[in-house]
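Visitor: Residues or ranges marked as domain 'EF-hand' by TrEMBL: 212-247, 284-319.
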Amino acid sequence: MIDHLSRAVISDPEQNLTSEKQEISHILPDSKLAPIRLRKRTLHETKIRTQSTLTENILSHKVQFDGRIISRNGHDACRELVGFFFTHDQSLTIYEYRQFGKNRTNVLPFIQKNIYCHQRGRRKGKQYRLADLYVGANLTFLSSDHPRLPESVKENTVLTLRITNVDWRALDSLKTDSEEHDDVTSEEANDRKILKAIQDLLKEQLRRRGVRILTGLGKHLQQLDKEGNGLLDKADFKQALKLFRLEVSENDFESFWLILNSSGNGRADYGEFKRAIIGEMNEYRKSFVRKAFMKLDFNKTGSVSIIDISKCYCAKMHPQVISGHSTEEEIKSSFLETLKDACSKSDEVSYGEFEDYYESLSIGIVDDEDFVNVLCTPWGI
């Protein structure tokens, strides 16, 4: 018996496949590594055998992973992706879960099975390997190589996918059988050290100054993006940090810029800028942010009206309401005011703006479960 989706990857990658939700524990025991929106499910199996034992053996040496698109487009950011990495030829393929009604889930081809290389960073041009599969890792692809991608995704030259969950049991088993090792270069290690030092410095400044600073920074960078392609130059970023009184030394900024602008074209995506210089919440927390937004954005447009948010937000269980220090209406008004300040439009909230708000809130909350409780309670998740 073999995995039906994996078999289709080899035999017919264009075929649409239907999945069943089964209570099988392929999700890791450590729930903090697995996004909560992932139910315990596997793609259905079949007794149909392939024509050769070689194919069955090939399909058994794979690692399954889940992912999401890094995008400020709400519809794209909430796409649910599942991928497979095959060790026999170091190839990978990625599918997208599509929900049709309440009980039907289709799995549609997203990235065709092939051998791919990093498109950004220190490893640009190097082939993907087992060592590249871990929660929080980015996989980059040239959009031009995939003409069937959604038009909104193809607007960006490089498609960046974030791994949100990995089948660690399969990964560890295959790593044991292979001679592959994590070969982090001295340049990569130095990059990480520089970024962490700057992130720690800025997070300390942000903890003392509240949510509005980071949400305001995101709105300001978006307004500077006159071309609408997400790219800004070095002077824009330096000016933004100065405007919001986020202090980074000249030497640190220059070191940071060399990392961010690895292509050498003098411009960088402002979303990447924020993630690199300030850091971001872990994938466990992000999974709940997406879950809350998807509940609000039931039409899957990528944005939600302020009216709908006001209707859905419930402050009844807020600590200040319970203690009697504030009323439900006061807490709701404060939340809506802060959220609207972060938005480019006065009557709606995009996914990126929604995420920015909770990214800011996340900085001041150390424990993951405390953050999840703060986020989920008002939305009834």
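Any Cβ shown, glycine's included, is placed from N, Cα and C.
Automated prediction, rather than curation, is the source of TrEMBL annotations.
Quick one: where do these features end up spatially?
Guide: If one looks beyond the domain 'EF-hand' (212-247) by at least 6 residues along the same chain, the residues whose Cβ comes under 8 Å of a Cβ in the stretch are 72, 156, 201-202, 205-206, 253, 257, 261, 266-271, 273-274, 277-278, 338, 341-344, 352-353, 356-357, 359-360, 363.
The residues of the domain 'EF-hand' (284-319), classed with DSSP into helix (H, G, I), strand (E, B) and coil, number 21 helix, 3 strand, 12 coil.
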Visitor: What same-chain residues lie close to the domain 'EF-hand' (284-319): Cβ under 8 Å, and 6 or more beyond its ends?
Guide: 31-38, 68, 73-78, 164, 326, 328-329, 331-332, 335-336, 339-340, 346-351, 354-355, 358, 362, 368, 371-372, 375-381
Visitor: Using DSSP, tally how many residues of the domain 'EF-hand' (212-247) sit in helix, strand and coil.
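Guide: Its residues divide into 23 helix, 3 strand, 10 coil.
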